[in-house]
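Annotated features, as they stand in TrEMBL:
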type	residues	note
ACT_SITE	Lys15	active site
ACT_SITE	Asp142	active site
BINDING	Pro100, Ile101, Ala102, Gly103, Gly104, Met105, Gly106, Gly107, Gly108, Ser109, Ala110	ATP binding site
DOMAIN	72-149	domain 'GHMP kinase N-terminal'
DOMAIN	213-283	domain 'GHMP kinase C-terminal'
Amino acid sequence: MPPARQRVVVRAPGKINLSLGVGAVDDRGYHALATVFQAVDLYETITATRADGMSLEVSSQVPGTVPLDESNLALRAAELLRTECDLRDGAALHIRKQVPIAGGMGGGSADAAATLVALDRLWGLGLGGERLRQLGSRLGADVPFAMLGHTALGRGNGADLTTVLTHGEWTWLLAVPGGHLSTPAVFRRFDEIAAGGGRTPATRPTVDERQLQALSGGNIDLLAETLHNDLQAAAFALHPGLEPVVEAAEQLGAPAALVSGSGPTIAVLVEDEMQASSIAAGLMSESLVESCLVARGSAPGASVLEEE
Ligand code: C5P
């Protein structure tokens, strides 16, 4: 068994879905996905300190509120570990948030991923990456990716991952409009739109191979052409403020823009930080968004920053 620690600091990244192909619902109520995730350098940083019971504090650099009760994914991750390993150990958890809250960028999943890695070290459990990823997938479909990071193809409900080769760095403007979207509601609207159009969703959705070529070749034009989100129409229908942001970003010169995951954050692919600033200024001056962040991908998965 590895030694237990007094204090461990771990960070895990937020993500964008560069492709999100959605298929039929399985018997657990999850939709089959074929998705390309890219981790970006906005991080959730968790500090876990030994304590008698469990507690949670959050400090945030982004607007919005996070639940502090047992519905919080970090606390659920801690509870899962305690149950699985039959432990009574406690920890004081502190989360520093940089990923937009409830924005479709996997911030809650990053909290769960970082908590699992931190408590595995704090409590000296030695579970290892594979077992932690399996536990993570029980907390949410995006949790295993927050552990792995970089760029990866996700299949099944999104938790079955294969790393994708990328060349160079990609710059994203993340445009955060007001309002929230519930992930289950967006998936439900997707089903209604598919049923209304008489379409049967694929049992095994696929990603456009040209997107993988764009990533490995560092080809921004091809990446722009292949950015795709099957949930976008559903997100547009539930939040009328989103489509104007995508249109305005492209009119302002962005190679492409799309809804990130189930939204409402809009991921705008840009050539460089200068273009990001000018598009952000345009979107803000038209009052289309509440805030804008610049991020780079890809970024590493959950990693230990400090331990003592
Ligand atoms: O996995 P996560 O907890 O983030 O998912 C939230 C909800 O989104 C699920 O309960 C389900 O309603 C929907 N979902 C889905 N298919 C997926 C992922 C999520 O239907 N592959």
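Heads up, the Cβ atoms here are built off N, Cα and C, so glycines get one too.
Positions of the features from TrEMBL, shown on the structure.
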| residue | record | Cβ contacts under 8 Å, 6 or more apart |
| --- | --- | --- |
| Lys15 | active site | Phe37, Gln38, Ala39, Val40, Met105, Gly106, Ser109, Ala110, Asp142, Phe145, Ala146, Gly261 |
| Pro100 | ATP binding site | Gly14, Leu42, Val62, Gly64, Gly107, Leu174, Val176, Thr265, Leu293 |
| Ala102 | ATP binding site | Gly64, Gly108, His180, Leu181 |
| Gly104 | ATP binding site | Leu181, Thr183, Ala235, Val259, Ser260, Gly261, Ser262, Gly263, Pro264, Thr265 |
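Same-chain neighbours of the ATP site beyond Pro100, Ile101, Ala102, Gly103, Gly104, Met105, Gly106, Gly107, Gly108, Ser109, Ala110, judged by a C-beta within 8 angstroms of the site's C-beta center, are, in sequence order, Gly14, Val99, Thr265. A sphere of 10 angstroms centred on the C-beta of Gly106 (ATP binding site) encloses 30 other C-beta atoms. Confidence across the domain 'GHMP kinase C-terminal' (213-283), taken as the mean pLDDT and rounded to a whole number, stands at 97. In three-state terms derived from DSSP, Ala110 (ATP binding site) belongs to a helical segment. DSSP assigns Lys15 (active site) to a strand in the three-state reduction. Ranking the recorded positions Gly108, Ala110, Asp142 by other CB atoms within 10 A of the CB puts Gly108 at the bottom. For the domain 'GHMP kinase C-terminal' (213-283), residue counts in helix, strand and coil come to 40 helix, 11 strand, 20 coil, using DSSP.
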